[in-house]
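Below: one structure, written as structure tokens.
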Amino acid sequence: MSSESLTVIVGLGKTGLSCAQFLAAKNQPFAVMDSREEPPEWENFIKTYPRVELIRGQFSEKLLNEAQEIILSPGVSLQEPLIAKQAAQGKSIIGDIELFARNVNKPIIAITGSNGKTTVTTVVGLMMKAAGRNVSVCGNIGEPVLEQITPEPDYYVLELSSFQLETTFSLRSQAATILNISEDHMNRYATLQDYLRAKQRIYTDCFIPIVNADEPEIWCHLPFNKKPLSFGLNNAADFSLAEHNQKTSIAYQGKILMPIQELKLNARHHLQNALAALALGTAAKIPIENMLHLLRDFSGIRHRCQWVRKYKEIDYYNDSKGTNVGATRAAIESLGQAAKGQLILIAGGQGKGADFSPLKDVVKRYVKQVILIGEDAPLLEKTLKEITVIKHADSMNEAVKRSTQAAKAGDIVLLSPACASFDMFTNYEHRGDVFTETVEAL
């Protein structure tokens, strides 16, 4: 195998396997390595590519040295010592999004942010379908991007994580946005500013930047070539909220579009998502009627502030996707404002090095009891114990039972962990499913 053209894929999950399939289809020489002894796709890989070198249980410096280019899976940090050493030597290190960007010519809508990106990506994709466009919704959502190149759609709507953006250099989008920023993945970034810089890469070579007017610190110093299109709940923006006939309505540049009461989801963070989706859709020239019709009918996504059931006049919400402090803060604030009573919060898991103190004010205002689970429950207790009643649970089943005992008619039980799930569950979906099943069994 010639090292002059050798590509080394680091990481053999879904993304790594999709990269292997893409390179194999192009007859590009490649090898694969993963530090795990049994990475998720290794059995599929060796059946399909029995003659391709696969190193498991370690990273091989010798193989990395031989590579002309390295494709890094998003789960592997650029700070991994052997990877950082290759980068310092000037080796090209890319991700699957970069490989995708080099090989597509169709318009791309690109979306990132700490919270709401899956919802906004989904909504924009549905808006395009409602307008009769053939669209592929992919990236950090659904199937890997490299599996969506053939057959090629009319449009791509991409959800992108900071990890994916770090290794992307050729993305040229019709419109792109950073929805918001709050602490997340601080186990991978030294500072919040480093995390923001990774996110800001989404605006490189973007034709129409879409910006959050409520968080100007994200974008105000960036050298945009074109005037941004903005959305915002609190500040003057192209897409905003306005009072009309004693009703709060969505407005575009001062023109009333529809009252928020017509939306099935009209809590504060849902409205921000709707405004962002409208701005992105406008940049993609989707007719406003199609977008408004879609928003009226949209009832949300599983595990994202999803209403589960009412039991003894207590409402139960599954926000298992609330894997960081910002997401949980937004969920507490939105549901707290709408609740007749108070909130009982189920939180905890792997905190990823986050600072939990931004939860203090909303917990003090809306939460009468917190049920803590998981690895970083002691850190959450240390932050919140002076503010509200703290209880602990060893399982989701116990957490739901304790929450139900603490709740009264009109209260809300909210699972929004502010943490990753891997200490107790397979992933956040598994955590949300266990919560939902437990609630439905009450």
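Note that Cβ sites are derived from N, Cα and C of the backbone, with glycine treated the same way.
Feature annotations, reproduced from Swiss-Prot:
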BINDING   G113, S114, N115, G116, K117, T118, T119  ATP binding site
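Other Cβ atoms within 10 Å of the Cβ of T118 (ATP binding site) number 21 in total over all chains. A count of other CB atoms within 10 A of each Cβ picks out T119 as the most crowded of the binding-site residues S114, T119.
Highest local Cβ density among the binding-site residues G113, G116 belongs to G113, counted as other Cβ atoms within 10 Å over all protein chains shown.
The Cβ of K117 (ATP binding site) has 24 neighbouring Cβ atoms from other residues within 10 Å, across all protein chains displayed.
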